[in-house]
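In what follows, a single structure is set out as structure tokens and then discussed.
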Amino acid sequence: GMNPNTSELLKEKHSMNAAVRAVVRMGLYVGAKVYFIHEGYQGMVDGGDNIREASWESVSSMLQVGGTVIGSARCKEFRTHEGRLKAAHNLVQRGITNLCVIGGDGSLTGANLFREEWSGLLTELVEQGLIEQDSVQKYSALHIVGMVGSIDNDFCGTDMTIGTDSALHRIIEVVDAIMTTAQSHQRTFVLEVMGRHCGYLALVSALACGADWVLIPEMPPEDGWEDKMCQKLSATRSRGTRLNVIIVAEGAIDRSNTPITTDYIKDLVVKNLGFDTRVTILGHVQRGGTPSAFDRILASRMGVEAVLALLETTANTPACVVSLCGNQSVRLPLMECVEMTQEVQKAMDEKRFEEAVKLRGRSFENNLKTYKLLAHRKPDNFNVAVLNVGAPAAGMNAAVRSAVRVGISEGHKVFAVSDGFEGFYKGQEIKWADVGGWTGQGGSLLGTKRRGSLPFGALYCFLMAPLFHHCTSSPPHNTQPPLMDAKALGSALQGFLSLLELLTAREKYEEFCVPMVMVPATVSNNVPGSDLSIGADTALNAITSTCDRIKQSASGTKRRVFIIETMGGYCGYLASVGGLAAGADAAYIYEEPFDIRDLQANVEHLTEKMKTSIQRGLVLRNENSNENYTTDFIYQLYSEEGKGVFDCRKNVLGHMQQGGAPSPFDRNFGTKISAKAMQWVTRKLGETFRQGRVFANSEDSCCLLGMRRRALVFQPVVQLKGETDFIHRIPKEQWWLKLRPLMKILAKYKTSYDVSDSGQLEHVVHNRPKELDASVAM
């Protein structure tokens, strides 16, 4: 085809650099010339040195830098006809006809207007004698693809905009710091987070830190909310909580459109309750710092998708926006998204708040549902057990807290089973207040034990039986004897294997004829039936930040390659996706067999690159990728072959990947998926309750709740048996293997990229499946 020229425009946002790097490298990979336009539209109008050709090296070491390296500026001139005429002239002179614009709806609308006027502008330039007539035919159409970067996440049609996850990381860091210092004093904190028109950041950070109260523009509180809030605060106080957190979006309003300020809330709490109250305004803290792993991966995937979309546009396709829906890339018409975003604003101005929430999309709606669920309680009904199985994963505690509170609000008595299956016979009831402050805790507060060589079968049923009998023998007030409904929340395959065994045990023991559901929680992300699992995002962040630090530690004159070993059992997820986020040159995994020739080729490729462009090399190796090519072996091989060009260091990351405070993504994923699981349990208990007892014997009453592309789905574990490689404890097919070529392209390999899965143009309104309302993007 032609040699299209791609160029980029940016506004100051998080992890834009990862997107820029991906667009540049993918552009070069497909044979295009790529230009940077510095300082946004201003640079396009001024031309000259602001428009520079980009090379592969010019985007090295961009991943870990916050903000945008090529700068951005708001531009009045571009809003005028003359300004756009100048811009068109500058582009035609360099033969640029493809623009990749990263920004909010203002920048994107501007881009679309420019595209519509394009042929008119060229005609004018010919009349003024500034360009030749043949340029008009040659550059007849301007193609535009947008990527949304707005940390408020207020753009319709995308689940998650670039930069949102990083902003959440900053907010949660502040909240966690406040929570640890405040444990010693009784205090109330009022936090203001960004979001003039959109409560997304406020809502999600409230979910992620278990705030007592949240105020957002989309859901103005009922009149008289002040008293309600104060009651709630004093109630949590009387239950022994020393700390209250209230989160306020900067655009929060009440029913009569009056702004609700942090100071108003502070005075209210002080006046009514006399609590020591502090106000913290997060402001620009939310934009600073290094981008999170999720954002780098999102930005890299979307950058590549943007280049593919540009290559496929024709003169009559509408300008589109590339985005992520669940775990899948989609392309949406730019103007439809902008119109939808404006509709939300209109609905809010006209006080049609329910509608505004609906228009925001299902991700937002789900968060709101979950938040409301976690705030109320109902009378007793059934007994439900919650347990963690297998190794701990960050985010498990958020999941347990959510399961417990949703269970209680659905009217159940919830029993916490500590230390996995062994704790089953001494399960204790767990109350609403017992799980306060759990969302931010790392590890597993319930305790998990890996199931060793304990003889399964008789022993367990014997251990479980006393609990079941104890539960059935004392009928509560409503005279229907409750049953213990075993709900396993837990680590991947251990939980999965246990559920399969419990399912077979149903034939022998009626006690197991109860609804059972498993939620995937493991850093390895190797659960069959789920694209993502609780804990994996935290592990990726641990890997990414370690790699960043390691790369920086070595900023001397010497060229150096780091060999890093990651966890994951036989599953290469952490090594591959971590490699993509950290900008690795290679990632060795079990699923993609490699031999000595591959290792040789990798070393040679790295040596070539080291001579010309980069100072630091990064190679990741999954712990079980190959029994003979160990981390030591690879380290020694690289050391020998790199003599005279670079030296080597090795690092085994070990258990640090499991520990630490859970990331916002894991807290929210855990909270949301557990709430959904507990609602399913309630529904199943209702369906299977016959003649005064629960009897659930069908395959679909023993499920795994997993993320599949765009939706959270309940899948009978029996059906997943066929999809699992039990020896290596991994699913037979893994979606993330498709991301591997991406890492290679970004590391300058000539490789083939499978575009069959890239997004197709869809319409904004149709892309919301009614039933499967599961947005994993928080």
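Placed from the backbone N, Cα and C atoms, the Cβ positions cover glycine too.
Some features that TrEMBL has for this protein:
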| type | residues | note |
| --- | --- | --- |
| DOMAIN | 15-309 | domain 'Phosphofructokinase' |
| BINDING | ARG74, CYS75, GLY104, ASP105, GLY106, SER107 | ATP binding site |
| BINDING | ASP105 | Mg(2+) binding site |
| DOMAIN | 383-451 | domain 'Phosphofructokinase' |
| BINDING | ARG450, 522-526, ARG560, 567-569, GLU623, ARG649, 655-658, ARG729 | beta-D-fructose 2,6-bisphosphate binding site |
| DOMAIN | 508-681 | domain 'Phosphofructokinase' |
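Considering only the binding-site residues SER107, SER524, the Cβ with the fewest other Cβ atoms within 10 Å is that of SER107. Taking the Cα atom of each, ARG560 (beta-D-fructose 2,6-bisphosphate binding site) and SER107 (ATP binding site) are about 41 angstrom apart.
Neighbour count (other Cβ atoms within 10 Å of the Cβ, all protein chains): 21 for GLY569 (beta-D-fructose 2,6-bisphosphate binding site). Geometry remark: SER524 (beta-D-fructose 2,6-bisphosphate binding site) versus GLY104 (ATP binding site), CA distance 35 Å. The subset of binding-site residues (CYS75, GLY104, ASP105, GLY106, SER107) lying with their Cα within 10 Å of the Cα of GLY569 (beta-D-fructose 2,6-bisphosphate binding site) is empty, i.e. none. For GLN658 (beta-D-fructose 2,6-bisphosphate binding site), the Cβ neighbour count at a 10 Å cut-off comes to 21, with all displayed protein chains included. Geometry remark: HIS655 (beta-D-fructose 2,6-bisphosphate binding site) versus GLY104 (ATP binding site), CA distance 39 Å. Most buried of the binding-site residues ARG560, HIS655, judged by other Cβ atoms within 10 Å, is ARG560. In the structure shown, across all protein chains, GLY104 is the one of the binding-site residues GLY104, GLY106 with the greatest number of other Cβ atoms within 10 Å. Here the Cα atom of GLY104 (ATP binding site) is found 36 Å from that of GLN658 (beta-D-fructose 2,6-bisphosphate binding site). Packing around ASP105 (ATP binding site) is summarised by its Cβ count: 22 other Cβ atoms lie within 10 angstroms of its Cβ, all protein chains included.
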